[in-house]
Amino acid sequence: MANIYYDEDASLDYLKDKTVAIIGYGSQGHAHALNLRDSGIKVIIGLLAGSRSIEKAKAEGFEVYSPDEAAKKADVIMILTPDTVQPALYQSAILPNLDEGNALAFAHGFNIHFGQIVPPSYVDVFLVAPKGPGHLVRWMYEEGKGVPGLFAVYQDFTGKAREIAMAYAKGIGATRAGLIETTFKEETETDLFGEQAVLCGGATALIKAGFETLIEAGYQPEVAYFECLHELKLIVDLIYQYGISGMRYSISDTARYGDVTRGKRVYEAVKPLYKKILEEIQEGEFAKEWILENVANRPHFNALVKKDEEHPVEKVGKELRKMMPWLGGRGL
């Protein structure tokens, strides 16, 4: 079982008299910065020239610097830019400004685990990853609560990297809910697997396969959309709040019987595929593919996204969502 830590297990003293630079001011960066500051920690922001977030960060009372200036001024540098941006940003702006005993921090382990960022031996390296979007991390903090999180230490130069990581997690509110200790390897590989096999790739593939099956059998696209996509939220919300067994308690006996008998067939079909997907992640095959795709300016990726955007489920959904006033007409 996992080791889980709470407020009493962590001390903010390890960040006392230190400056934390948050590189990036998006969803997570915004939440981390505000929560850390409200926890009494000195925070500065590092943003590239021309960033749309500069004025927002300044309006919220932060000193804003270029990433290299922020890294130079900070003791702890948390990099919260997209994974694909981090390696070049690190090489140009952060690495040249790292001092002995600094701490380099991440919210996802991809670039460290797959060797896209190789930190010098004279710094601490840790990870703190709240298991929720930035707005929730901030909202829960303001309510005196927190969002559970993960933390890991990759490199402990000072002998205090673990304590500093836990202090950071406490500063953003994670220890109020529960902080789970992990490794960069575990966080990275499980995060990628969840995205590919279940949360994004798996869910969207099931939706499209179900939708297409009904259409090909002669059913109306609108009805297929409701049954295979729209109602998914109802079930996921129940699972999210009550777990799988709790969800089953809330559905009809007919639905429950179909779940436990027919769902097993899907399980048996996808389990071997899941093992293959995980193997590709563990062996670095996916990381290599994604890195090379970005080097080539994403031709395959862009083509696949465009193709999926033209899927009939998108056209049908766009029209049906106009019938749902509770969505407020919001689009992307």
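Cβ atoms are placed via backbone N, Cα and C, with glycine included.
Computed from a predicted structure; not experimentally measured.
Listed in sequence order, Asp83, Leu127, Ala129, Glu187, Thr188, Asp191 are the same-chain residues at least 6 apart in sequence whose CB falls under 8 Å from the CB of His108 (active site). If you look up Swiss-Prot, you'll see His108 marked as active site, on the strength of sequence analysis.
Taking Cβ-Cβ distances under 8 Å and a sequence gap of 6 or more within the same chain, the neighbours of Gly134 (NADP(+) binding site) are Gly26, Ser27, Gln28, Gly29, His30, Ala31, His32. Secondary structure from DSSP puts Gly134 (NADP(+) binding site) in a helix. Taken from Swiss-Prot, the feature NADP(+) binding site covers Tyr25, Gly26, Ser27, Gln28, Ser51, Ser53, Asp83, Thr84, Val85, Gln86, Gly134, and the record attributes it to sequence analysis.
Within 10 Å of the Cβ of Glu195 (Mg(2+) 1 binding site) there are 13 other Cβ atoms, across all protein chains. Residues or ranges marked as Mg(2+) 1 binding site in Swiss-Prot: Asp191, Glu195.
The substrate binding site feature in Swiss-Prot is assigned to Ser252; the stated evidence is sequence analysis. Shown in sequence order, the list is empty: the chain has no residue 6+ apart in sequence with a C-beta less than 8 angstroms from the C-beta of Ser252 (substrate binding site). According to DSSP, Ser252 (substrate binding site) sits in a coil region rather than a helix or strand.
Summarising the annotation, Swiss-Prot assigns domain 'KARI N-terminal Rossmann' to 2-182 and lists sequence analysis as the type of evidence.
What Swiss-Prot records for 183-327 is domain 'KARI C-terminal knotted'. Looking only at the domain 'KARI C-terminal knotted' (183-327), the predicted model's pLDDT averages out at 98.
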Exercise. At the Cα level, what's the spacing in Å between Ser51 (NADP(+) binding site) and Glu195 (Mg(2+) 1 binding site), rounded?
Worked result: 28
Problem set entry | Among the NADP(+)-binding set Tyr25, Gly26, Ser27, Gln28, Ser51, Ser53, Asp83, Thr84, Val85, Gln86, Gly134, as the record gives it, the longest Cα-Cα distance in Å | 19
Exercise. Including all protein chains displayed, how many Cβ atoms other than that of Asp191 (Mg(2+) 1 binding site) lie within 10 Å of its Cβ?
Worked result: 17
